[in-house]
Every structure is written in C-alpha cells, then in structure tokens.
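K.L.:
Please see the structure below; I have some questions.
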Ligand SMILES: CC(=O)SCCNC(=O)CCNC(=O)[C@H](O)C(C)(C)COP(=O)(O)OP(=O)(O)OC[C@H]1O[C@@H](n2cnc3c(N)ncnc32)[C@H](O)[C@@H]1OP(=O)(O)O
Ligand SMILES: CC(C)C(=O)C(=O)O
C-alpha cells in the first residue's frame, strides 16, 4: 500500500468511530500498595542535569552552532549546573567538535561533569568515546527504547531482543571505559519511553545493565527513567517511580533520574511528584525547550523550590539574563506568561489585584517578619533581579489603587482616596477610548491636564496675604487673576489665606466654593521640594470635586488648587 493510500485508510477508520475519544486508551493505574510519596515533602534540591545542549538542541528549528552552544554552556555553568549533557557527539560533527572544544580548551571547570548521549550501536559508542577523550570525568548516557509500542512497531523485537541491545551497549562501554583509565566514566542508562514500558520490564532491563556494569554505592550507575512522552497524570508517574525504586535490586548503587517531557502540560508536576516518589536527579532544560511540548522546565522547578524555602542549588537570580541567553541560543521566545520569567508575570492590570498588591507592599514595608507576604505575588521580583516597576500597569481593567500606586511611585503624588476614585474614572475613560495600556507618563499627563493645568476660565497670576489688623488673627488676600483672558484683582478676607481666597473668589469672580477637605504634602527634598495641595470642594449647585495645585510655596500651591477646583466646576 502506498503512503497516501495508508493515510486515506487511516482517515476512513477514524471517521467510522462515533466518539472520537474512543480512539484513545486510558493509562492503566499502577498497582502500588502503601504508596509513600503523597505524605512526603520536598525539602532538598535534586541533582540537576541540563539537557539544553542535547534534547533541547535536537528539537530546535535551527540547532545551535558553536557560538550559541558556547553561550548556553557558559550560562549553564554560571547557573551552577554540575552535570551538563553537552550533546550527542556521534550524531553530529557540531556536537563532536563542541566536546573537543570544551575538553581541549580546558573549559570544563572542576566539579562539573559533561554528559554525552549515544544509542547502543557499536560505531556510535566508539565515536562517543573519541568525543570525550581527555575529559576528567564524563557521563556516558546509553539509551534504547523499551516501550511495548516501540518494541512492536519500531524495533520488531521481543523483550529479550531489547535487553540484548542494552546489554551489548553496556559491555562495550565497560570495555572502552577500562581502556580509558584517565577519564572517570559514569554510566547512565535510559530505558527510553519508560512511561510506556511495563514496569517489570523496565526493572528487568535496568538490572541487566547493572549486572554488566556492577555499580556500587561508591560508584553508582545513573538510571534515567524518562517520560519520553508524558502519558498519564503526574500521580501515576509518581507511582511508577515509587514502584520502580521499591522493586529494583541494589537501589543504593543507583541514582534514579527523571527526564520528564511535557506533552500533557504537567512536566513540572510530574518531576515534583517523581522526586517525592524517590528520585534523586532531574534532567531538564531552561524554560522547557525540548521535543514537541518540551522537556521539564528546570527554572520553574528550581524557583518552585525556592518559594517553599528550599535552596534549589541553582542561581536563578538574574532571570532576565537567563531569558536573554536562552532566547539567543534557541531562537525561540519565552512566553510573556511563562512562570517566573515571562515579561508579564509581575504585572497586574486588574483593579482588585493592583489594590491588593499596593496594600501588601505597603504592609510589607512596615513589617519586620522578614517573610514575603504580598497578595498575588508568590515571589519577590527582586529575588529574580526584577523590580516592582512593572508590577502595576494600567489599562481599562485597572482601578484606583493601581493608578494611585503609579502616581506615587513615579511622581511622588499621594493622592487622597476620594480623589483616587474621581481620577480613576477619568483614566478609565481614556483607557476605554484608546483601548490601549496607559504608561505612567500617560497617566501623569492625564492628571496634569485634568487638575494641574486647569487654568481656564481662571488663572492665578500672583497674590499677597497680610493680617487684617493687629491681633485679629484673620488674613486678607489680594490676588491678581485672569478670567476668560482678562486680568483683574480680587480681594477677600477670612480665618487664613485659604478662607480669604475662597472669599475673594466669591466676591470677585462669583465662584462659590465650600471647602470640604484639604491635604498637602511635599514632593522631593531641599530647595527643589514642591508642595502639592488637594482640595475637595462643594460647588453652589451641590457637586463635590477636587482641585490640585503644585508650587514651591505652600500657600501658592493651595490657591492654585482652589483655582483648579473652580475651573473644573465651571466645565
Ligand atoms: C527520545 C530521544 O530524544 S532519543 C535521542 C534522539 N536524538 C536524535 O536522534 C538526534 C541525533 N540522531 C541522529 O543524528 C541519528 O539518528 C543518528 C546519527 C544517531 C543515527 O542515524 P541513522 O543511523 O541514520 O539512523 P536512525 O536514527 O534512523 O536509526 C534507526 C536505526 O537505529 C536503531 N536504533 C534506534 N535507536 C537505537 C538505540 N538507542 N540503540 C540501538 N539502536 C537504535 C533503529 O532500530 C533503527 O534500526 P534499523 O535501521 O535497523 O531499522
Ligand atoms: C534519551 C532519552 C533520555 C530522551 O531524551 C527521552 O526519553 O526523552
């Protein structure tokens, strides 16, 4: 049958199924009694191994060239990875050359072990050893596929045939390791497609490999149990790992490693539960690059631990740098909502979130507990080298709290609560009209236009205050204002300059304002300090509204605020 005919036949078969979901077989539960993992707590970091330069690289549209490989390797070293799978040297010249470059160039620091992948084929294993010649220590990672499906459709072999491949590969690696005494060879064996492999067979093949390699507690083998394809819920994965750890012989001579992929979107959860289930090590990539939906994201895993108070043993405190290098190397973007790393993860647009964050940050600044407690922010952005700057951003979903936060943080304006309510409606209107996010500058300009630049119909030109008479305590204000462009002098008296100016406005301009509330604060310090005054007033027709004024002189700021209120009342 031709490929086209086969495709058509498959399509016809599919169409005949009434419920499309019937095509799929549910993953069988693991028969595990007395499971322990649900009651355990993750309280220490695993051994980390980065597979960015191999599994991540093999999945790229454009695999990394030497410069990108080097940039990734250097980043992984800076982050503190002590085990790095640097490639599949027998598969590509670039990978081979990269091994040679870092070994011959002395680029592998003490304490760091490189890992190389190979299939269980003689010529590939021999070439792999040429690739790692001269390194102090190397993990040779041997794999062959063991799942029932792959045995049947890819290899056409029974269980014994598959065991023979693994055993032959191990024997050759043992022989070549003996012939390379200057390099400490660690064997890692992966029953690839472990998640689709019957558990008893996975144990059987791993034990067959161990039988050849003869690991000891001092010279452990790494058994890597990959979720080559993530096929089940993470609790089932954990059951598989716990079952494997409990059943295998000589557990103390093996490091059990996880290699989750993310087909169901639960790679991180699978890794975490797999660690609870007894695994010691995790292989993954930065931000989860890798085949299909990717490998498990080690950055997220590490930061998940960090936020539980566990030292992850990886430096993830300059997340922007990790994103930058990773995007350069993979030529793939990190999603804006990617956990911890995405551009938008420390940003709140919605009003109630902004309000709670704002209050949380204020409460935190007064607390001595040393504990991070801010609603909606599970981690302190500063721990990732990020700042609060982007925490609150304004669009049509934003509320008064966020707007007040931006004005205070960027412009030092501490606007009273009722003014926040008034101004947020104005911002809302602008945001709705534009349909766009408003930058802090946009918000300030809107505030300025609405309150500070409100100089029409009235504008204050100058003023002078004096005592009304000896011992009276009352003040007289003489002010020059323009009204509809015409200059005039107004005069009033009262208990203080504000009261007197309100009187002057009433008498000279026919503007009747009743002051309900008054606040002022300084912006900045020293000679450059400005006073900012806020007046809540009631107009003659019963409306309440605000006026705001700013000036180096406190009295002038207050009179400007009254003019601002008068002008807004006149609109
Ligand atoms: C889950 C994973 O990510 S595993 C890693 C996968 N990574 C890669 O494949 C990237 C690099 N790979 C390559 O460049 C190539 O596959 C190479 C160079 C390694 C090998 O290439 P080729 O020899 O041309 O063939 P190909 O990969 O198609 O090999 C398939 C053959 O190898 C056999 N084979 C596949 N995997 C293994 C294995 N782990 N051990 C032994 N034999 C294997 C297959 O049965 C098949 O045999 P057949 O030709 O007799 O049918
Ligand atoms: C080689 C193995 C570990 C692998 O990459 C996988 O199974 O995904």
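Using N, Cα and C of the backbone, Cβ positions are placed for all residues, glycine too.
TrEMBL feature annotations, pasted as is:
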- 55, 259, 261, 295: Mg(2+) binding site (BINDING)
- 46-320: domain 'Pyruvate carboxyltransferase' (DOMAIN)
- 454-571: region 'Regulatory domain' (REGION)
K.L.:
Ranking the binding-site residues 259, 261 by other Cβ atoms within 10 Å, which is at the bottom?
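P.N.:
The binding-site residues 259, 261 were compared, and 261 has the fewest Cβ atoms within 10 Å.
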K.L.:
Looking only at the region 'Regulatory domain' (454-571), what are its DSSP counts of helix, strand and coil residues?
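P.N.:
DSSP classes over the region 'Regulatory domain' (454-571) add up to 33 helix, 57 strand, 28 coil.
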K.L.:
Around the recorded Mg(2+) site, report the further residues of that chain (criterion: Cβ within 8 Å of the mean position of the Cβ atoms of 55, 259, 261, 295; site residues excluded), sequence-ordered.
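P.N.:
Counting only non-site residues, the set is 51, 226, 227, 228, 260, 267, 283, 284, 285, 290, 291, 294, 296.
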K.L.:
In sequence order, which same-chain residues at least six apart have a C-beta under 8 angstroms from residue 55 (Mg(2+) binding site)?
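P.N.:
Counting only residues 6 or more apart in sequence, the Cβ neighbours of residue 55 (Mg(2+) binding site) under 8 Å are 85, 259, 283, 285, 290, 291, 295.
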K.L.:
Can you give me the average pLDDT across the domain 'Pyruvate carboxyltransferase' (46-320), rounded to a whole number?
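P.N.:
Result for the domain 'Pyruvate carboxyltransferase' (46-320): average pLDDT 98.
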K.L.:
Hey, what's the Cβ neighbour count for residue 295 (Mg(2+) binding site) at 10 Å?
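P.N.:
A 10 Å sphere around the Cβ of residue 295 (Mg(2+) binding site) contains 31 other Cβ atoms.
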